[in-house]
């Protein structure tokens with residue numbers, strides 16, 4: 001993973017997150033670069049800006065050039081191992097995002113439609129419920 005922009009605090013936090021350390025209470029949390037690419041750079045424009053050797057790859061396929069067939073790579077002018085490196089590692093959890101197309105453009109960067117689901121039993125309790133020690137309200 002190579003970061004080419006310069007936002008010291010954000011980069012440091014992202015490096016820690018990518019390494020699997022830092023402030024995340026969930027077990028077995030892994031940073032999924034393919035999913036992030038599809039969520040935040042669905043057409044691959046940002047990747048194309050910084051990786052000109054991948055300019056010929058169209059759309060979201062730019063996030064997984066190693067998964068393209070030989071004809072698609074040849075048409076894009078990419079030769080894995082020569083003009084663009086082979087992946088060092090491919091995480092198993094990436095497989096469900098390979099060949100996936102980003103959803104339609106949404107005002108929310110992650111493509112969600114509307115607020116997260118609020119459990120019915122807690123919908124009228126207000127924020128004080130979540131910060132008080134007494135939970136039998």
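Using the three backbone atoms N, Cα and C, a Cβ is placed for every residue, glycine included.
The feature domain 'Cryptochrome/DNA photolyase FAD-binding' is assigned by TrEMBL to 4-98.
There are 7 other Cβ atoms within 10 Å of the Cβ belonging to residue 6 (FAD binding site). According to TrEMBL, the FAD binding site annotation covers 5, 6, 7.
Positions annotated as region 'Disordered' by TrEMBL: 91-128.
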Might you list, by sequence position, any residue in that chain lying six or more from residue 7 (FAD binding site) with a Cβ less than 8 Å away from its Cβ?
none
